[in-house]
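The following features are taken from TrEMBL:
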- A:HIS62, A:HIS64, A:HIS142, A:ASP212: Zn(2+) 1 binding site (BINDING)
- A:ASP66, A:HIS67, A:ASP212, A:HIS270: Zn(2+) 2 binding site (BINDING)
- A:ASP66: active site, proton acceptor (ACT_SITE)
- A:198-271: domain 'Metallo-beta-lactamase' (DOMAIN)
There are 2 protein chains.
Amino acid sequence: MDFELRILGSSSATPSANRHHTAQLLTIDNQFHLIDCGEGTQMQLMLYKIKHQRISNIYISHLHGDHYFGLAGLLSTMHLQGRQQPLHLFGPPGLSEILSLQLKYSGTNLTFKLIFHELDTTIYRKIYEDKKITVHTLPMEHRVPCCGFLFREKPKPRPLIKENLPGFLTPPQLVRLKWGEDIRDEHGNVLVRNSVVTLEPKRSRSYAYCADSRYKPDLLPYLKGVDLLYHEATFLDDMRERAHYTFHSTARQAAEMAAAAQVRHLLLGHFSVRYKDLTPLLEEAKEVFAKSDLATEGSIFCVQE
Amino acid sequence: MDFELRILGSSSATPSANRHHTAQLLTIDNQFHLIDCGEGTQMQLMLYKIKHQRISNIYISHLHGDHYFGLAGLLSTMHLQGRQQPLHLFGPPGLSEILSLQLKYSGTNLTFKLIFHELDTTIYRKIYEDKKITVHTLPMEHRVPCCGFLFREKPKPRPLIKENLPGFLTPPQLVRLKWGEDIRDEHGNVLVRNSVVTLEPKRSRSYAYCADSRYKPDLLPYLKGVDLLYHEATFLDDMRERAHYTFHSTARQAAEMAAAAQVRHLLLGHFSVRYKDLTPLLEEAKEVFAKSDLATEGSIFCVQE
């Protein structure tokens, strides 16, 4: 089952010649989740030959333009191409009002159902769940209401060791074994010990997207042990004061979060346009957390089961 | 004095891999006029190394996204880069409301004065004037309120033939000669005949931007003899019915307008994404009006004095 992150944009507030505004596509088990949608996202999707009609969920972290000015255009293109399947849109208060106004003045009656989920960006809360995953908000500390998103696979069933299975087990008993139970008789005595007939389940993978924010260590409990952590790194650490003042983070701070949360892999993004060469940002992070990478346009990060 | 049109985008409703949404930069005597501002316009300006801070006027024809979804991002970048000089924005009802909402939710207090001029898209009316030019609206026939824009240089002074000038002329008399008057004595007798001491003035150049519209021959009086006519040509003429139904035009219709208005040069744009190769559109127009061109990304069209 795939668990893959594709970076569509890595630039902060203003774009540069080769860096686009924030957007990421997370694919989990063939389901497309679009995270933020800066201006030009639909063109980036086209560039990487990603079919936008396959996106089922869009998550907008906050209402600074570099995170959502591509949304109306993407929805418009979906509409013009006759999309039928519903689209779930998660975003802060105000987003629905803006889109409604844009649709009104363009005389557009969408061909598909747009299901808007207004977010409380101040708390950690489950906002989406299906058979395979959950998505929670992660409260950020920014100049406007802003949240990140934590994607987690649900626990997976334990594979059965067929050759060790006694013949008398019923289908419901097999299901219980898959979910870790022992099989007991009516007196409570163990008939089949789970550890004898099952293997460890595959790992439940996770991705934490930390959008624009000041350094915010109270996020650590939510980030503990995630496979992939994206953390904004607008500045180098010599601009730590400016980062604090503008409600952003430095590459070192991103790495400190990764180290403290013991994540597996850190991705840096949302780079200030002042950095033509991003190597110093990466090097700064790696001093603190070795498994760091730049989340630049076109990069793909896969998490193995 | 320059009079130059740069094409930033040529695609209709949905963008394609190599065609962007509508935007054009008209430079007249070093003044930058941006006409429409589809998604990605700020990146296109960057690509062509055009300094967006030099734009003084922005004109939005209508509120379909492919004509204005890049505006909020461009204004945001102007703001983030500390623009100080005022910006004149001309657009239909609703544009100001949408931008105000976007600015409100992003917590942005622009660093510059944005002077919004709400347009009546249903009439031909002067909306801008300075020492050198006038700009008028051109009423279009589209699914939502929509207008084009007619840019005209004002009449230019007649150059003086210095060697023919008598020595007794005062500065005010010289000015009157430049504007075509004869100089007379108190009895009305001609002292200096204008035609003897002045040359024909340089031409006053003009550009008519016909935005999204059905074929609309009642525009002809306004377009008569313009130097440069941009006319949308969404479809080939075999889709004339669809063009009518969707309030668009065909390449042949654009050329018929150019021929009837006796313009000097026709530019075709706003091409449907169905046309990978634009040659048939150009050929169709040229059958009716030889001096036709495709207004594709990066093209520059200069009008000589």
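Start at 1 and count along the chain as shown; that gives each residue its number.
Placement of Cβ uses the backbone N, Cα and C atoms for every residue, glycine included.
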Q) Checking A:HIS67, A:HIS142, A:ASP212, A:HIS270 - which of these binding-site residues have a CB within less than 8 A of a chain B CB? A) none
Q) Can you tell me how the residues of the domain 'Metallo-beta-lactamase' (A:198-271) break down into helix, strand and coil by DSSP? A) 27 helix, 19 strand, 28 coil
(Q) Around A:HIS270 (Zn(2+) 2 binding site), which of the listed binding-site residues (A:HIS62, A:HIS64, A:HIS142, A:ASP212) come within 10 Å, judging by Cα atoms? (A) A:ASP212
Q. Cα distance, A:HIS142 (Zn(2+) 1 binding site) to A:HIS67 (Zn(2+) 2 binding site), nearest Å?
A. 13
Q | Surrounding CB atoms that lie within 10 Å of the CB of A:HIS64 (Zn(2+) 1 binding site), all protein chains | A | 25
Q) Near A:HIS62 (Zn(2+) 1 binding site), how many other Cβ atoms are within 10 Å of its Cβ? A) 28
(Q) Using the CB centroid of A:ASP66, A:HIS67, A:ASP212, A:HIS270 as the Zn(2+) 2 site centre, which other residues of the same chain sit with their CB within 8 A? (A) A:SER12, A:ALA13, A:HIS21, A:THR22, A:ASP36, A:GLY38, A:SER61, A:HIS62, A:HIS64, A:ALA211, A:GLU232
(Q) So if I draw a 10 Å sphere around the Cβ of A:HIS142 (Zn(2+) 1 binding site), how many other Cβ atoms end up inside it? (A) 22
Q. Just how many other Cβ atoms lie inside 10 Å of the Cβ on A:HIS67 (Zn(2+) 2 binding site)?
A. 28
Q. The domain 'Metallo-beta-lactamase' (A:198-271): mean pLDDT?
A. 97
Q) Using Cα coordinates, what distance in whole Å links A:ASP212 (Zn(2+) 1 binding site) and A:ASP66 (Zn(2+) 2 binding site)? A) 11
Q: Translate the DSSP assignment of A:HIS62 (Zn(2+) 1 binding site) into the three-state scheme.
A: coil
Q) What is the total of other Cβ atoms whose distance to the Cβ of A:ASP66 (Zn(2+) 2 binding site) is within 10 Å? A) 27
